[in-house]
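If you scroll down you'll find the structure; I have some questions about it.
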Amino acid sequence: MTKWCLEHRSIVAVLSIFIFLSGIFVYTTMERQENPDVVAPGATVKTIYPGATPEDIEKFIVKPLESKIGEIPDVKMMLSYSLDNVGVIIIRLEDLSDEDINETWNLLRQKVDEAELPEQAWDPEIDTDLIDTYGMLFTISGDRFEYKELKSIADELQEELEKMDGIAQVDINGYIDEEIHINLDLLRMKHFNIPVETIGMALKATNINIPGGSLKLRGTNVPISTTGEYKNIHDIENTIVGMSEAGNVIYLKDVADIEQVEGDRDVFVGSNGEKALLMNLKYSDGENIVNIGEEVMTFLEEYKNTIAEDMNITVITDQAEYVEDAINLFEKNLLSAISLVVVVVLISMGYRSALVVSSAIPITVMATFAFMRFTGIVLHQVSISSLIVCLGLLVANAIVANDSMDLYLSKGMSRKEAIVYGINEVKIPILTSTLTTVASFLPLLLMEGVAGKFVKSLPIMVTVALFSSFILSLTVVPAMGYTFLKGSQGEKKKSLFSDVSDFFLKQYKFILKATLKMPIITILVAMGLLVFSTTMISSLGLQLFPFVERDQYVIDVTLIEGTSAEKTKEVITEIEEMLKEDPSVDSFLSKVGDGIPKFYPSFVPNQIASNQAQFVVNGKVSEMVALQDRIDQTVVGARVEVKQLENAVPVGLPIQVRVSGNDIDTLIRTSNEIKEILYTVEEGQHVQDDYGHEVLKMVIDVNQDKASMVGITNYDIASTVRMAINGHEVIKMRPDDTDDDIPVVLRIPTDEKNTVQVLDNIFVTSQFTGRNVPIQQIADIHSEFSLSRILRRDRDRTITVGLYPKPGYSAAEVLNVVEERMEGFEVPQGYMMEFGGESEDRTEAFESLIGPFFLAAMLIYVILMFQFMDLRQPLIIMGTIPLSFIGVIWGLKITGYPLGFMALMGTVSLMGIVVNNGIVLLDYINILAKSGIEAKEAVIEACATRLRPIMIGMITTVIGLVPMALIGGSLWAPLAYAIIFGLMVSSILTMLVIPSAFMLFRRRDKKGNGIIDEALTDKEIKETVS
């Protein structure tokens, strides 16, 4: 291959340019996002059962569904919520392929259909689209404008934006459509003996438009239509709903007031404290959202000039902007790393060699980008970081190839002969080095869970880049070497690096000779350093992933259950005023009664609940603690949590204590005891549980005997009460002057709902007699405090108690304190307690590294075994792997980063990088020893010769990671520092431990050549020495 490349250098040049330009084209057009999608596949099953209590929902809805869903394989977790009238089951799956996920969802639908549910229950709704994320949220706001005016602007924006290429969907959020309210007068209805159902049926029967067939008149089909559709409120008012005892017609207007108004507002959206509508924009898949985002922003800026000055359009969050910032940051990191590596090579090897070595970098990078496009890997910070991680390794292959070519050129060989001989000599060592490095990265593909999804592209990218580098070392590098290398060593003698290199070489030889006199002590000292370093692990702290580093955070607000949306809005207004006065806050979005749409993969929107609200705040994260303190001191009657976005999937409470069992009262009592213990944990804050509070309810206790006698069922009562109290849409009306349908709602006037006596005036029609029976005649109506919900986890009733760590403490540290305080606490017999939260995902992620670690070790050993054709020499090399742990631990300790997943991943990745030094060193020791040189002299000579390339390789790798370490943030810096410190320490210790281990093995070999092959032939000796 090398010979052909030298003979066809122009073709090699053209292909190289083609690869480079193709990579640039692919890079500029490929899909971009900030982070990989890490949300575990999940689904919700929601079932409405009118009139049912939480206990009824659990018994008749949740348990039958759980039983069937439990038959589905690969269900990782199942949570259920039994509430009044509705049951919700949340399912999380194990890590599966997209095809398997789709098959599982089909099986879920099948199993749900098989569940035996009450006839009165509605069909379950299954939602499997839990990972969809909106790319942009922006608001249209202005206090002096009516919602109609804001909606008019929103409709126009929606229409224009959906025309743009790359925009998949635009939704309007927070607008309440106008409705026609039929406000029932219960007393007049009672007087005329007209039940609610009769009015509903009359409206449905009148508002029709049914084809009546067609007549054939003179050979022509003439269609017949029967129509009575309502066109205005007057038509509705004159609907006949009954007859009086005197035989007079009773119209709807006689028993109700009809008006066209805005529907009941149970959701409030605010933007910087102003009344607002929220618009959610979703980018199309497979597009460069950075370019599309810029087009959208330009359009919105221009559109602002066409609306009133005091009407505001505010972009709250734009994924395209964050993607651009993240990609730009890592582009700078990559370019900085490349520049630093080139400078190191230039200083250490001279400008000609620097040109040859550096030529491989841009082609390798662009080839990797091209591979990403064809395999569907998205451009994000993980995929770009993969190139930064392996940059030094890419250069190492080219350095080895360059040194070998230069060596033969310096011996006076012709340029072509020297390059062919040089490449042929090192192509197997380069391949071995590539394979061992790949062997340490590729097993990371086996990782499961959130962490595995997050880093999935890293081992793929590193593998592709390294193999591309290997191929280029045998093709492009020789062609470049033929052009630029001259075979003179004069340039090297003038190198600025030479004097420094000679000084360190002299010092190294002195230390090496001393360690070879006491190899056992040298090895024991290295082991002692390792053991001492491991004792520091507990002081590092544990963390799965750090928080997202952006000046944006979330505020969750929860009031006591049963609080109305209007009352919740009062608390939100108080917080809004605080945010408006805060100079660290640029803008904010608030939403009461419903969650803010999912705008970040790990963000969890609130469920629909009148007592909950959410904020997205664009402001300095450094001021979060101060804001939390001010809110805690000011806001009363609400739990307010100021939280950063997370890189991983949120687990709810970071520190959890879960209690499971059958009896609710026992669970509540036990959870309260646990809460009292958690309140004593000074390192934690916001102690809470997910049980909530008992709420006051009006209970309609139906006398089944009386109800059955008059032919009335529980469903009849529940639906009638629901229609009257909450309102019920019975029909839609389309006025002549619009294309929009207007809902027509039966309801009781709001002011009448505030009295208990309203239930006394509601009656139900008997299916047997047709008589209207007052509810109070067949049911006992009273009030009581009762459960608001029943929670189950994996089919057991469960209450979760937990807390958040205070600033300055990690979840792992607080969990340790909680476990100490809980030591000796026992739950009642038959009940189970377990700790959870962040520790579960962290443990899963850390354990998922164990398999790849041992697999990588096995693969590396097998590769080394074939490289050396020996069983013991690979063990000497692999013994240097633990030496890197010393550097990792001290590096994290010095820099102040916890032992997180990224640091551990860097540690696993070090395995293949570290052994490369051992391969280079031990391979040359063997060569010299085979040539007949005395073992000790062979070791000294080999170590002195290989010191320079090993140190240059180490320095290039370390320098390449410096930008990531300094500006990669808390996510990537631990990985960079782990590799930097681990590689530096292991490289230094390798140059002492491997020689010592070699000599130790040789001393113990009775024949003196136990780990050295038989002596070379005279011809091989001459070739080696030359």
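Backbone N, Cα and C define each Cβ position, glycine as well.
So TrEMBL has the following annotated:
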TRANSMEM  12-30  transmembrane segment
TRANSMEM  329-347  transmembrane segment
TRANSMEM  384-405  transmembrane segment
TRANSMEM  426-446  transmembrane segment
TRANSMEM  458-485  transmembrane segment
TRANSMEM  520-545  transmembrane segment
TRANSMEM  849-868  transmembrane segment
TRANSMEM  875-892  transmembrane segment
TRANSMEM  904-929  transmembrane segment
TRANSMEM  950-969  transmembrane segment
TRANSMEM  975-1001  transmembrane segment
What stretch of 329-347, 384-405, 426-446, 520-545, 875-892 shows the most Cβ pairs under 8 Å to the transmembrane segment (849-868)?
426-446
How about long-range neighbours of the transmembrane segment (426-446): same chain, 6 or more residues beyond its ends, C-beta under 8 Å?
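Sequence-distant neighbours of the transmembrane segment (426-446): 390, 393, 396-397, 400-401, 404, 452, 455-456, 458-460, 462-463, 466-467, 469-470, 473-474, 848, 851-853, 855-856, 859-860, 863-864, 867, 905, 908-913, 915-916, 919-920, 923.
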Taking contact to mean three or more C-beta pairs under 8 angstroms, with sequence separation of 6 or more, is the transmembrane segment (950-969) in contact with the transmembrane segment (520-545)?
no
Give residue numbers and ranges for long-range contacts of the transmembrane segment (520-545): same chain, 6 or more residues beyond its ends, CB-CB under 8 A.
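Answer is 450-451, 454, 646-648, 810-813, 838, 841-842, 845, 882-883, 885-886, 889-890, 892-893, 897-902, 971, 989, 992-993, 996-997, 1000.
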Which stretch, 12-30, 384-405, 875-892, tops the Cβ pairs under 8 Å count with the transmembrane segment (329-347)?
384-405
